[in-house]
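Scroll down for the structure; my scribbles are underneath it.
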């Protein structure tokens, strides 16, 4: 197992280099340079601007700039935001946990909704429950997350006044402990539900079809034939095997959630990576854009890796290849 | 195999024709698809939406961008069936025109994606070894890019235009198609009809284009249908955030831009609910059609 993980980790390195080159190239396509905002500053002389450019290596060729960037990044230095006047790694570190919280929170909601419904749908194939579940899953896949967010915001936050409209906590309330946690939960309830519901659709369909495949296997017939209770057959013998592919899917869902969180973070003014990214786009803050994209790409890689490893953990056959 | 029919002598061919009517695979697929009610509903809805987009000028007869500052934010009435927006433009008219952009973005970006995916996946699958390795590692890299953030960055850097959106959707989406095509070609390559093709001295290019790719069409069509759906979702989300297609060109997504304001959200449902429902309808229809096509093309997968 250790060898498997090491090999997988090593395989991610060239991919990570490729991803960083791609992201760097996209940012390089931008007109102007990170110092563009300074050119409007009347106190900024041409000489200072040149000196700043020199100091940040902006006069070098893109290839050399990339090498510089990697060298610095390896030392934990991801550049400097000229708009926010702060180092990029600090900005990202501050915004990391709201994004993680939203991504993992909504993943848990998706799992709680999707897996039981998927399993029951499969065991009662073609029943009313199955039909309703299938429609629900399809609707979850098809509804634009931002539209669902608008609907819930209008209904739960504006009409019923059950939840706050935006933000991650009540400003100035200074709650501590449990009260603070509940405050967070109240503020993020709608975004969590939105991402949880839209994510549940795919997961539910996947669980259902995986379960349907497993219950047709010979060993399930054997389990039934030896007189096991249906409950034991389904939840002990079938479910375990049906969940193997579902676990892989979860690993792949995580990155989607990180990037999907962008929409909800912007709509609900949650101070996460997505919001930071949006701000950077609006202010043309290229060092920040480079940093957020790179970090989100690393999360994607880690998500895939996690999927691989968990797959190998639950299914020993995988480790052989 | 069907292609070689011409080489069977005429006598035999006549016998074949009289003994049993040979149906082409596509006729069979069409018949199976027609039996699937949900898929047919999807097909009908998406056809209606496309027709409304094509014939947009005739839906209300009101010009798309004509502003009327005396009649802004008007609720639905007999004159403006879905009310007007903040500049007094007719919502229904803009919804129909918006369909042109949203559906075109979905269709064109998916076609581009398939083009790149089929070419690279085809080459990787057919030649294998080193080329395969290089192409598939590049595919790995592209599929590790975080989708929405990169799309937002790309559009922000190059400017919000319909072309940039199509390009970024294609660039981010091709690895999925390439993997499907590659996997299928890897197995098709070893089949007897390919051996026959080699024996006949057919060149690589022709082998890939006229013998291998057509056999992967079924999977490509299925993933194209659902691909259009997700392209529409992405475009609408980007445009809704003001990071997609720029106004005054209407798309279903950017028409909802105003709903980011709490006031509009609370008081003017007609400015955001109809476009949202239309996006939902378009996407769910394409997904239903995609599911139906998958079942029709490969009944073994049907559950």
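Using N, Cα and C of the backbone, Cβ positions are placed for all residues, glycine too.
Between the listed ranges B:190-211, B:212-233, TrEMBL ties the annotation transmembrane segment to B:212-233. Range annotated as transmembrane segment by TrEMBL, chosen from B:247-268, B:269-290: B:269-290. Note on TrEMBL: of B:74-100, B:101-127, the range annotated with the feature transmembrane segment is B:101-127. If you look at the transmembrane segment (B:38-59) against the transmembrane segment (B:269-290), you find at least three C-beta pairs under 8 angstroms, all six or more positions apart, and that counts as contact. Highlighted: of the candidate stretches B:162-181, B:212-233, B:269-290, B:162-181 has the greatest count of Cβ pairs under 8 Å to the transmembrane segment (B:134-156). Sequence-distant contacts of the transmembrane segment (B:269-290), counting only residues of its own chain at least 6 positions beyond either end whose CB sits under 8 Å from a CB of the stretch, comprise 38-39, 41-43, 45-46, 49, 73, 75-76, 82-83, 85-86, 91-92, 95, 98-99, 102-103, 106, 222-223, 225-226, 228-230, 232-233, 236, 252-253, 255-256, 258-259.
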